[in-house]
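Sequence annotations record features per position, and here Swiss-Prot assigns repeat 'PIR1/2/3 1' to 66-84. If you look up Swiss-Prot, you'll see Gln76, Gln102, Gln120, Gln138, Gln156, Gln174, Gln191 marked as site 'Covalent attachment to cell wall glycan'. Annotation source Swiss-Prot lists repeat 'PIR1/2/3 2' at 92-109. The repeat 'PIR1/2/3 3' feature in Swiss-Prot is assigned to 110-127. What Swiss-Prot records for 128-145 is repeat 'PIR1/2/3 4'. According to Swiss-Prot, the repeat 'PIR1/2/3 6' annotation covers 164-181.
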Amino acid sequence: MQYKKPLVVSALAATSLAAYAPKDPWSTLTPSATYKGGITDYSSSFGIAIEAVATSASSVASSKAKRAASQIGDGQVQAATTTAAVSKKSTAAAVSQITDGQVQAAKSTAAAASQISDGQVQAAKSTAAAVSQITDGQVQAAKSTAAAASQISDGQVQATTSTKAAASQITDGQIQASKTTSGASQVSDGQVQATAEVKDANDPVDVVSCNNNSTLSMSLSKGILTDRKGRIGSIVANRQFQFDGPPPQAGAIYAAGWSITPEGNLALGDQDTFYQCLSGDFYNLYDKHIGSQCHEVYLQAIDLIDC
């Protein structure tokens, strides 16, 4: 896949905090290719859950419950690592976001990614849970459960490592998430069959997860992702997926070109696979393979409901 060269940005030091002004609008920081059949506008907010590419190919496309990713205060997205979450849309755990905007995911449950306050996104490994976001905007995911990602306050997205859950968002903006799988049925002649699923082209999201304050909750409009604090979902200089700004942080590679595929996964340009890379107890999410602790995943879009 061919991408446009990232636009050059200039740093301004008018105050003790660095700011930057792109030479062109940051919304032009987009891949050159687009995903066939992808939708760039979605009518409601949604979370994401981490699903391993290897297991996704063999899983049944039936209704299931997942946890959403969480977000911490920095904007990171994170996901949990070991537990699986709970419903005719199937349910998943959402990723969480911490305050910095990162997205993270947990190690062993499939949970949704969370976002911490700095905007990073993190996610967990094996349960299906929603990603969470911490305050810095990062997105992280847990190791083993499929849960939704969470976001911490910095905007990172993180996900846990062992359960499949939806992501959540913490105060720094990070996104965290865990993961899940679906089962097959057996008919009387002994054959094992997977249920066929028909998706609505206008609404390919067929999984739901419980929403909470740390769950990464995103909006998609004209190919631009924003979290509940209005920060921009971007691929930053180190290839990590997190939420910052607006505008995105200096050196951001992509800040637009997002879509939801006909299969219900988040895509950037014509790419619908990402990488969760282990960082302590959480995975950070990237658009490229950056090391031996990285695994290819899908970021499954999930509708968020009050539980």
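Glycine residues also receive a Cβ, built from the backbone N, Cα and C atoms like all the rest.
With every protein chain in view, the residue among the recorded sites Gln102, Gln138 whose Cβ has the most Cβ partners within 10 Å turns out to be Gln102. Of all the recorded sites listed (Gln76, Gln120, Gln156), Gln120 has the fewest other CB atoms within 10 A of its CB.
The CA atom of Gln102 (site 'Covalent attachment to cell wall glycan') is located 0 Å away from the CA atom of Gln156 (site 'Covalent attachment to cell wall glycan'). For the pair Gln120 (site 'Covalent attachment to cell wall glycan') and Gln138 (site 'Covalent attachment to cell wall glycan'), the C-alpha distance works out to 0 angstrom. Gln156 (site 'Covalent attachment to cell wall glycan') sits 1 Å from Gln138 (site 'Covalent attachment to cell wall glycan'), taking the Cα positions as reference. Within the model, the repeat 'PIR1/2/3 3' (110-127) carries an average pLDDT of 59.
In this structure the alpha carbons, written CA, of Gln138 (site 'Covalent attachment to cell wall glycan') and Gln76 (site 'Covalent attachment to cell wall glycan') are 2 Å apart.
Gln76 (site 'Covalent attachment to cell wall glycan') carries a strand DSSP state (E or B).
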